[in-house]
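Comments concern the structure below.
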């Protein structure tokens with residue numbers, strides 16, 4: 001019986017890199033509300049008392065970058081200078097320019113269907129049947145822990161919690177299937193007035209136990225709650241934050257390969273984002289159709305060219321079909337040209353801020369999580 005361990009991590013919305021991601025996507029959403037065809041590449045840097053928002057944006061819209069930034073920080077929970085970061089008093093620098101006309105001429109076309117990719121690159125999508133949302137178990141439960149941390153912090157149930165937090169979950173696998181949780185790490189920022197003993201007890205009872213299924217916990221499961229013993233200094237005061245620095249947290253927790261491109265702050269003409277969403281959509285429908293237990297799809301593009309330069313699929317020996325037949329089905333049922341995938345998933349809408357914390361995948365509210373192609377794929381496969 002083959003046994004192994006696999007670990008994934010997540011971070012909360014108050015982590016410095018996630019603050020940056022959320023500001024970038026809040027700016028994107030505000031622009032898309034007014035101009036659905038805008039070209040946006042918005043990058044954010046945060047540090048104690050300061051936010052710098054930059055990038056290249058071409059749009060007919062006007063948005064108040066400063067107010068969007070302050071509201072995003074406020075909604076996360078940084079509302080007091082005692083935390084080292086305050087939405088109402090931090091300095092905000094705006095260094096946004098326009099997208100290069102050299103890129104525009106490659107993307108924009110007289111015929112919308114021939115819209116070129118906004119850049120070259122390779123993207124991966126993945127799905128597996130380990131969880132009900134067809135995501136790997138380690139990243140799924142890592143996200144749920146920090147989501148629960150934010151929930152009890154914002155509700156006031158644990159009013160000594162602060163916005164910054166990190167989680168990590170190690171699963172034990174037998175023959176490729178998750179069978180239990182080997183280790184859990186949860187570090188959460190807190191106020192000065194809570195003892196380590198009380199913190200550990202409250203985090204275990206209020207955050208960990210309600211999230212992790214009891215049947216996956218054993219007497220051998222190890223728990224590490226604030227293992228340094230103190231986490232008062234956090235957020236941008238503890239570390240600087242930058243858009244696009246949590247790409248594994250954003251995707252599959254390391255279980256699948258990654259093409260290297262980040263998501264937040266990018267409009268859907270950027271295939272780094274939109275094609276990664278489409279690849280997840282394809283992989284999830286293949287698994288939902290029962291054509292494979294695991295599916296990893298790679299798609300690649302050349303700047304200014306509509307058709308993907310390659311499509312490849314890996315099912316790790318779990319497919320009921322030849323992988324060449326899977327690729328035929330993908331080409332028949334999914335339009336992976338930039339224009340096609342934008343229309344297929346209705347991406348020219350202000351839907352991106354919620355993606356910027358707790359993972360872009362495995363959350364049913366997003367259009368790329370639909371399994372509406374599964375039945376047609378199954379029928380076409382003759383299963």
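Any Cβ shown, glycine's included, is placed from N, Cα and C.
Straight from Swiss-Prot, the features:
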BINDING   15, 164, 165, 166, 230, 231, 239, 245, 246, 262, 266  ATP binding site
BINDING   17  Mg(2+) binding site
BINDING   43  K(+) binding site
BINDING   56, 99, 239, 270  L-methionine binding site
REGION    99-109  region 'Flexible loop'
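Location within the structure of each feature annotated in Swiss-Prot.
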residue : record                    : Cβ neighbours (10 Å)
15      : ATP binding site          : 28
17      : Mg(2+) binding site       : 23
43      : K(+) binding site         : 22
56      : L-methionine binding site : 15
165     : ATP binding site          : 29
230     : ATP binding site          : 10
239     : ATP binding site          : 16
246     : ATP binding site          : 25
266     : ATP binding site          : 27
270     : L-methionine binding site : 23
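In this structure, residue 246 (ATP binding site) belongs to neither helix nor strand by DSSP; it is coil. Averaged across the region 'Flexible loop' (99-109), pLDDT in this predicted model comes to 56. DSSP gives residue 165 (ATP binding site) a strand state. Checking each of the binding-site residues 17, 56, 270 against residue 239 (ATP binding site) by C-alpha distance, the shortest gap belongs to 17.
Taking Cα separation as the measure, residue 246 (ATP binding site) is nearest to 17 of the binding-site residues 17, 43, 56, 270.
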